[in-house]
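Noted in Swiss-Prot for the protein shown:
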- 23-34: compositional bias 'Basic and acidic residues' (COMPBIAS)
- ASN517: N-linked glycosylation site (CARBOHYD)
- 23-42: region 'Disordered' (REGION)
- 147-167: transmembrane segment (TRANSMEM)
- 178-198: transmembrane segment (TRANSMEM)
- 204-224: transmembrane segment (TRANSMEM)
- 263-283: transmembrane segment (TRANSMEM)
- 291-311: transmembrane segment (TRANSMEM)
- 386-406: transmembrane segment (TRANSMEM)
- 424-444: transmembrane segment (TRANSMEM)
- 454-474: transmembrane segment (TRANSMEM)
- 539-559: transmembrane segment (TRANSMEM)
- 563-583: transmembrane segment (TRANSMEM)
Amino acid sequence: MKHADPLRADTLGTAPLSQAIEAHHHGKEREAHRQSLSSVPGDTVVEAPEKVVDLEINSVDNDKEHHRAPTRDEIQTLRKVPGSIPATAYLLCFVDFAERASWFGARSVSSNFMQFPLPEGGNGAGAPPSGSELPAGALGHGQRFSVALGLVFSFLSYVIPIFGAWLAEAKVGRYRTILIGVLIGGVAHIIMIAGAVPSILQAGKGTAPFLVSLFLLALGAGLFRPNVSPTVLDQHRHYQPFVKELPSGENVIIDPEATMQRIMLIFYALINVGAFYSLATVYSEKLVGYWLAFLLPGIIYLLLPLMLWYLNDKLIKVPPDGGALTKFWKILTVSLVENKGMVWKKGFFDRVQPGALLQKYPSSGPVKWTSKDVEDVKRTLVACEIFLYFPIYHLNDGGVGTILPSQGAAMLKKGVPNDLLGNFNPITIMITVPVLTYIVYPALRKSNIKFGRISRITLGFWLAVISGLVSSLVQWRIYKTSPCGYHATTCPEVAPVSIWWQLPSYVLGALSECFSNVTGYELAYARSPPGMRSLVVSLFLFSTALSSALGLILTPAIVDPHLVWVWAGPTIALAVQTVIFWVRHRKYNDDEFMIEGDE
């Protein structure tokens, strides 16, 4: 489906609102866009009225008849608050919660499942003897295999989203792609549960079904992940700041960027509520065995088809628009040709502006894009450039592959599963998100203190640097105190270092995600054309795949006695990169947060 002529760039809250005011008065373009949407046959935008859930007294309903653009004086003096969030957006967040709960629940126990053999004296289902310091296990392929396969799984889970985004944007639409992904993921969970039956593990035949289930789980997640967050944000259809009088009599500016930020914080918090579900699976592997540890994720996964069936006729569904992808690649290709491949050339996109092309090629006919389309390409590429800084960041957020729970296996546990502390990552996020949403960010807006998107990402990077430094010091201490010295990983005795010393690494990593990852999702949606949002989100997710690829390169070094540098190397690299990132990109703290206008 092709939309009408591209709209003028809109802005969101912390962008220069004077430009947004000008855009607010271009009603004819917005009306033309609405007519183009209403004329699309088939699975198009749902116009049915929606219930709106309002969780904050400072959030208000976006009643169209009260829309008024703020004046310049109001921009300087009025408080900026988020708008109301449709109920469908919250329900989609719960859909994502169920998918992430099943995904993290299975993934959290996969490290021990792959690395360690069935414990001696255990129950034959993978659980160790009661009171033992032995970790749960099943396949016994060792640490290097476990880390490498974990990285391959992560790599596939974040590469396949590019295909999932293309399928959604160009062929079947986001919602139908989500349904296909859910079906494949369901098959994966069935195979995973069947392969963890004690008789299969005891016969040494658990590897093949586990590998098949991992691949299918990655495929299903790859179709689901890039499309769910854009679909959540599609439910919010107001992209222009406007003035609203609260019941108290106070006039405020309803800030679309603040609304979008709140939606993504809630979305990310529910992802991590789902991740907290792994607490049940790690205790299941330790106390009962892997058949239960994999059954629990499968049970919660059943919520997905039920909730999607309920939401089917209530959602705003954006139809596929292959024309947007085609136009993007045409503009980029012509830019490369016109600049002879010199991507560093100043004014790289000036030569493909419609006026410049018509002047250079007057007999070639009308140009099939507008200046707005060229600007969209520029802004999308800036977002993609920012995403290139995330792979090294991800290496520091929890370490390379499954190295953090492997480190915990060499520490004093006193009955605590070595992969239990991973649950403090989602716990920290669950606590931090409400604090940021309802206390910190409103206080900053009320005090007119700008905490821009680049500042938030930079803070997240620095928190990850500190997290990596802590893990480096913990690993050094393990080597110094282990009975086997610098061969602590394979030592039959653990180092007299409490596993709780890993807690700062998990907490700092979680705090960093609240700033870096959440802002990354915002940028992916807001800086991309409407017909490319899933694709740009998939490119943000692809940064995790690049991180996994870097981890695979480091895999040969993930052995004693080199583990200190496996932690310290990425930490140093991220510290240097963060300085470069801030210097190069801080100017984007104040630029337009441009997205489609549809009011």
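Note: Cβ is positioned from N, Cα and C throughout, glycine not excepted.
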Dominant neighbour of the transmembrane segment (147-167) in 263-283, 386-406, 424-444, 454-474, by Cβ pairs under 8 Å: 386-406
Recorded stretch, among 178-198, 263-283, 539-559, maximising Cβ pairs under 8 Å relative to the transmembrane segment (424-444): 263-283
Secondary structure of the residue listed as 'N-linked glycosylation site' (DSSP, helix/strand/coil): helix
Result, the transmembrane segment (539-559) in contact with the transmembrane segment (291-311) (3+ CB pairs under 8 Å): no
Under 8 Å by Cβ from ASN517 (N-linked glycosylation site), same chain, sequence gap 6 or more: TYR268, GLY460
